[in-house]
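Asks: According to TrEMBL, the feature active site maps to B:49. As annotated by TrEMBL, active site, proton acceptor applies to B:95. Feature annotation from TrEMBL assigns ATP binding site to B:52, B:91, B:497, B:534. Feature annotation from TrEMBL assigns Mg(2+) 1 binding site to B:93, B:535. TrEMBL lists B:94, B:95, B:96, B:97, B:116, B:240, B:312, B:313, B:314, B:537 with the feature substrate binding site. Feature annotation from TrEMBL assigns Mg(2+) 2 binding site to B:117, B:268. Residues or ranges marked as domain 'Phosphoribosylformylglycinamidine synthase linker' in TrEMBL: B:16-53. Taken from TrEMBL, the feature domain 'PurM-like N-terminal' applies to B:74-188, B:436-559. Positions annotated as domain 'PurM-like C-terminal' by TrEMBL: B:202-355, B:573-709.
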């Protein structure tokens, strides 16, 4: 599987993302600078985490207007895969490739910890390596991960099974205590209507080796490799 | 003769923090009255913060050399060889005064400054820590300062992209008027790619890089070289404003530029900004330097030479570049959207010349600015040492379970999760031991493959001990860092020290300083942990009350195989708990005495450095050989708190046996004797471990076994792990959310 990782000024988890692709698929991804206007011929484009443009104006808002974005749209429109993690998810909502918005955490504080996620749709190209309803561990590290969308959009997402990950407790229950940021209905990750663009706040790329404390994040990359 | 538009009056001299005899020294050096700009330059170079004029005499006596030390104190950060052509670069630095005045910005720029020190050497930052000390929890300003400082540390480090993996947070009324924010950063580089600040070659371009210069942080270093009073909040304009986004760009651009081969010398603009960086580069290289301020990128029009020379605007660098690679260098900086301007050149005159609007604003002997800074041998007195406190003079608890709950739920023993969850400690994907244990461990990949190494990091000092006996307290700070690194399986290799004290013009403060440094130095020699970098912060006083003497230590350890590390969490039912080290029941200055009885009495526990070495080497070997399943250093709170921490971390209970000892039980359980650890091992391994310990001259005793969901001690104590965790975890969030 061939992959590319977009790099905007202020992005800081591009190396983590690159390592995950390398470790799981054995192929080094191509790093693409934001001023490029064309993407290499790859199966997956990852939009990694960080603080693009220092989160100035609004998280992801400036990056969403970068020269590379039309090429990203074309990649998505062609049905190829796009994975947005953390700031990447924020950027994807700002481009309109994914619906909804990510607001300030309900606690008003940045939070970095390990949470549990329930895989609510294991039939996507990003999650086929997981079992439906499986509870996985995954780190989070964000200040603005509080997912929100209007009722119509939420109904659409739920009706089409597009909520892929939800924050849950060890038993897979969606509770307030297990929700680290106040996201509506515990939503941690969603796909677009075509199912080829995933945005998620947690960082699967930081849990792919035993040394990091677990392998639960590998499934995303294994699924993508399988889909390619 | 340079002419002066502004009269140099005694008031103006005083406002620059210069004493009359220091001003006379300036007149003698340059043979004329300085210009206003020159006066500003001298004040920036000669303040305590930059010149170390009160501390230099004593710092020179610290051990700074070792087989692994590539670069010791004097550069931006120390550099220590870790094999495979790799080196770790690290330093710790204070940002106390600014953080008290403006907590968020003070803390962010403290973190930014230390990160810059590390990547200026050519290293990519891989870990950060913070040693934070605040006033009493019930002081009206404390909560506000904690919230601002923690948010500031996180706000900068998270955005910059370095994992903040460890640190300390403590409360004590003696920090009511002066919080301490000591920021540590470490980076990794190749030993043949170290960059220094020494300029080389005449006529080389001096290049300004990074953010624009504004009027923020004017005179910050001078501000940090004076005591506070009730009007200190009026000093807010001296605090800089941080922009981690600009710093991240500066990091990437600087490392790319260094890799391009264009850089001859590099110095970040930290304290005293353009002045300090330019003088240092020239003076170190035995060269003069001329700056043309018309070329300096400024944030606002109309800035004077004086303002530009003293601005402490953040995220700026000064470099000397190879002339033929200027264009390549500029392209790299433009790519990252940063300012790039040739602002001067090196000369053979040994003069520091500053020009602005075609006028010479300063013309000074460059070497003398640093070399001829005043150096004081301040008078000092022997510190008063507290007498030893007998265990019999400390009441035993009526209810041991309640005492333990109160202790693990006290301000200084409770969990710091509320703090470190606001720091991204996982970014870069190399964090092997996360915050909350004895030391953080970060993976380091070898350049040519093979199994990964590890670097371990810890911050330590017990200021109450240092106050009661500066010499023993100084030793203890190093010993505790040695234990924390050894407990995770790392060999301690070097330290950085951040020496926070009160007003050096008071003999009792210098007395503390002298003795604490003597203790630190002796321990560093005994444990082979040279000091490779550091920072001194004096004048931590408000209205005449000094902070507790706080020589904060940042220590670094090395592991050949990072997978061998273990943590503090109890791992398996049936494992035997083994206490390593002697227990005399030392309650003087203990956490038990302070947190539960509100008493700060007695001598602190003495530190036997030979025992520390023996016990630490034994425990480290046991960890590396896989003979133990968990290991924990015992420090504040003593044995019972240590075991409770292991139980909470592993969510497993433990059954402790009543000790067979003449030591009173409360002293045995809560005493803070040094050179001790608790380790766990499977029963057959534990027996062998105890035998081997005896052979190695290391006291080791089985004290109980892992199991159940409570911590029990004979029939005396039964506390559920849930109850312990609840108390341990709740103090800080509850306190922060209380109105």
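Yeah, the Cβs are placed from backbone N, Cα and C, and that goes for glycine too.
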Asks: Look up residue B:312 (substrate binding site) in the DSSP assignment and report helix, strand or coil.
Replies: coil
Asks: Just checking: which of B:49, B:93, B:96, B:116, B:117, B:312 have a Cα that is within 10 Å of the Cα of residue B:534 (ATP binding site), counting only these recorded positions?
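Replies: Final answer, ordered: B:93.
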Asks: Does the domain 'PurM-like C-terminal' (B:202-355) reach the domain 'Phosphoribosylformylglycinamidine synthase linker' (B:16-53), going by 3 or more CB pairs under 8 Å (6 or more apart in sequence)?
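Replies: They do touch: at least three Cβ pairs between the two stretches lie under 8 Å.
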Asks: Under an 8 Å Cβ to Cβ limit, what residues of the same chain, 6 or more beyond the ends of the domain 'Phosphoribosylformylglycinamidine synthase linker' (B:16-53), are close to it?
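Replies: Distant contacts of the domain 'Phosphoribosylformylglycinamidine synthase linker' (B:16-53): 1-6, 8, 10, 59, 219, 221-222, 224-226, 271-273, 275-276, 279, 304-306, 309-310, 352, 354, 361-365, 368-370, 372-376, 504, 536-539.
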Asks: Which of B:94, B:96, B:535 (the binding-site residues) has the most other Cβ atoms within 10 Å?
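Replies: Ranked by Cβ atoms within 10 Å, first place goes to B:94.
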Asks: Can you work out the mean pLDDT of the predicted model over the domain 'PurM-like C-terminal' (B:573-709)?
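Replies: On average, pLDDT over the domain 'PurM-like C-terminal' (B:573-709) sits at 98.
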Asks: By DSSP assignment, list the helix, strand and coil residue numbers for the domain 'PurM-like N-terminal' (B:74-188), in that order.
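Replies: Breakdown, helix to coil: 46 helix, 42 strand, 27 coil.
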Asks: In Å, how long is the longest CA to CA span across B:94, B:95, B:96, B:97, B:116, B:240, B:312, B:313, B:314, B:537, which the record gives as the substrate binders?
Replies: 21
Asks: Helix, strand or coil for the residue listed as 'active site'? Use DSSP.
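Replies: Once the DSSP labels are grouped into three classes, the residue listed as 'active site' ends up as helix.
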Asks: Within 10 Å of residue B:94 (substrate binding site) (Cα to Cα), which of the binding-site residues B:117, B:268, B:535 do you find?
Replies: B:535
Asks: Could you state the whole-number distance in Å separating the C-alpha atoms of residue B:535 (Mg(2+) 1 binding site) and residue B:52 (ATP binding site)?
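Replies: If we compare the Cα positions of residue B:535 (Mg(2+) 1 binding site) and residue B:52 (ATP binding site), the gap is 9 Å.
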Asks: Nearest to residue B:314 (substrate binding site) in three-dimensional space, by Cα, is which of the recorded positions B:95, B:117, B:268, B:497?
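Replies: Checked the recorded positions B:95, B:117, B:268, B:497; minimum Cα distance to residue B:314 (substrate binding site) goes to B:268.
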Asks: Roughly how many Å separate the Cα of residue B:268 (Mg(2+) 2 binding site) from that of residue B:95 (active site, proton acceptor), to the nearest whole number?
Replies: 16
Asks: What is the set of residues, excluding B:52, B:91, B:497, B:534, whose C-beta falls within 8 angstroms of the centroid of the C-beta atoms at the ATP site?
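Replies: My list of surrounding residues reads B:59, B:73, B:92, B:93, B:496, B:498, B:499, B:531, B:533, B:535, B:536.
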Asks: Expressed to the nearest Å, what is the distance separating residue B:497 (ATP binding site) and residue B:93 (Mg(2+) 1 binding site) at their Cα atoms?
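Replies: Spelling it out, the Cα of residue B:497 (ATP binding site) and the Cα of residue B:93 (Mg(2+) 1 binding site) are 8 Å apart.
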Asks: Counting every protein chain present, what is the number of Cβ atoms, excluding its own, within 10 Å of the Cβ of residue B:116 (substrate binding site)?
Replies: 28
